[in-house]
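Taken straight from Swiss-Prot:
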BINDING   Tyr34, Tyr171, Gln175  L-tyrosine binding site
BINDING   Lys234  ATP binding site
DOMAIN    358-424  domain 'S4 RNA-binding'
MOTIF     231-235  motif ''KMSKS' region'
Amino acid sequence: MTILDDLQWRGLYADCTDLAALTQRLGQGPVTLYCGFDPTADSLHVGNLVPLLALRRFQLHGHHPIALAGGATGMVGDPSGRSAERNLLTPDQVAHNIASIKQQLGRFLDFDATTNPARMVDNSTWTAPISFLEFLRDVGKHFSVNAMLAKESVRARLESESGISYTEFSYMLLQAHDFLHLRETMNCELQVGATDQWGNITAGTDLIRKKLGAPAWGLTFPLLTKSDGTKYGKSTSGAVYLDPKRTTPYRFYQFFVQAEDADVIKLLKVLTFLSAEEITALDTDLKANPGARAAQKALARAVTTLVHGDTECANAIRASEIMFGGGLDGISESLFQDVVGEIPTKELEAAKLSGAGAPLVELLVHAGLAPSKGQARKDIDGGGIYVNNARVGEASRAVTTGELLFGKYLLLRKGKRTYTVVKIV
């Protein structure tokens, strides 16, 4: 299977400036390609995985990938896919974000490959030395304003209430210049990106044709969306980031394990390196036994391992088991706090657990797991109450400080999934 065959099977092909010519060129040998990542935040997010993993897919097929960190373009802001002007970042913010993003890019590509090592560049290194007048003469001269206004990214903003500034209007010239520079200095013939980058990419192929008379291609992938058409990559608490400080590995894992049945096979194709045979088998299993959620677990395991590594993925799976009655032995306090972060929490004075401890029936009422002590006794007698995920057998049971997790937490559960954390203050 060629790289283009693989992309098409995975649903990663949207458009190409000249598919027949690119197919022929790829058949002649390895090409150098690039994709840009602007430092709009200090971490990449789930949506960035599509182009980033595409670079890796090309590398696995023997091609030469370049990851471009947008130290220059990040100072301007891309209008593509935006309904309003971006807030300009300060040079210090851009520098901080670039440093963080470069570190993340380095985890997904092989920079030590023997025959086709990946490379990383920062467009500020060749953009910063150019004067404004030089840029207007050497780049701006080759662009028709009429053609720029016809680009979807510009036209959509012109039709919006906020309009578009000259700063963002000029963004496509900067990206076009990047492609030209890489074509001249690194023989980069292909730029890849999401469909919202089509206008910027074709600006680059046009500039290369006019300035160099040399071939260059653009290839785009569909935006990562759910079955209902909305963008994929956000949880109820916001964007899902690759940086563990912004989205913990546990929450990252949970985001994917909760994928809808209608989305999971598509996500397996787009966000993992599982083979067609493996994904087809998971699809068959999903249709036969959707309740097992084997496809979702495979997705979460594959993507979490890819982004955070084997150890963090194993920890995330272990933590997930807590919410399904798993034991708490060996769980760290930070992991416990992450898991129970969205569980209702009730505070309790430490004195209540002193001496012989507090009656469990009273704690259940305090925690909101029972309306009365009488109902709490019935629930305990019925085998439906758990303390730290261990079933309680006697309604007369008391809870003491010795049972506190990390000296300050008590995990109470009613039934299979109704939890409350009691925090000692």
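First residue shown is number 1, and so on along the chain.
Glycine too: its Cβ is placed from the backbone N, Cα and C atoms.
Location within the structure of each feature annotated in Swiss-Prot.
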{"residue": "Tyr34", "record": "L-tyrosine binding site", "Cβ within 10 Å": "24"}
{"residue": "Tyr171", "record": "L-tyrosine binding site", "Cβ within 10 Å": "24"}
{"residue": "Gln175", "record": "L-tyrosine binding site", "Cβ within 10 Å": "28"}
{"residue": "Lys234", "record": "ATP binding site", "Cβ within 10 Å": "14"}
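In this structure, the CA atom of Gln175 (L-tyrosine binding site) is 27 Å away from the CA atom of Lys234 (ATP binding site).
In the three-state DSSP scheme, Gln175 (L-tyrosine binding site) falls into the helix class. Looking at Tyr34 (L-tyrosine binding site) and Lys234 (ATP binding site), their Cα atoms lie 26 Å from each other. With helix defined as DSSP H, G or I and strand as E or B, the motif ''KMSKS' region' (231-235) counts 0 helix, 3 strand, 2 coil. Here the motif ''KMSKS' region' (231-235) has Cβ contacts under 8 Å with residues 45-47, 223-225, 251, 255, 263, 267 of the same chain, all six or more residues outside its ends. For the pair formed by Tyr171 (L-tyrosine binding site) and the residue listed as 'ATP binding site', distance between Cα atoms is given as 26 Å, rounded to the nearest Å. Summarised by DSSP class, the composition of the domain 'S4 RNA-binding' (358-424) is 19 helix, 23 strand, 25 coil.
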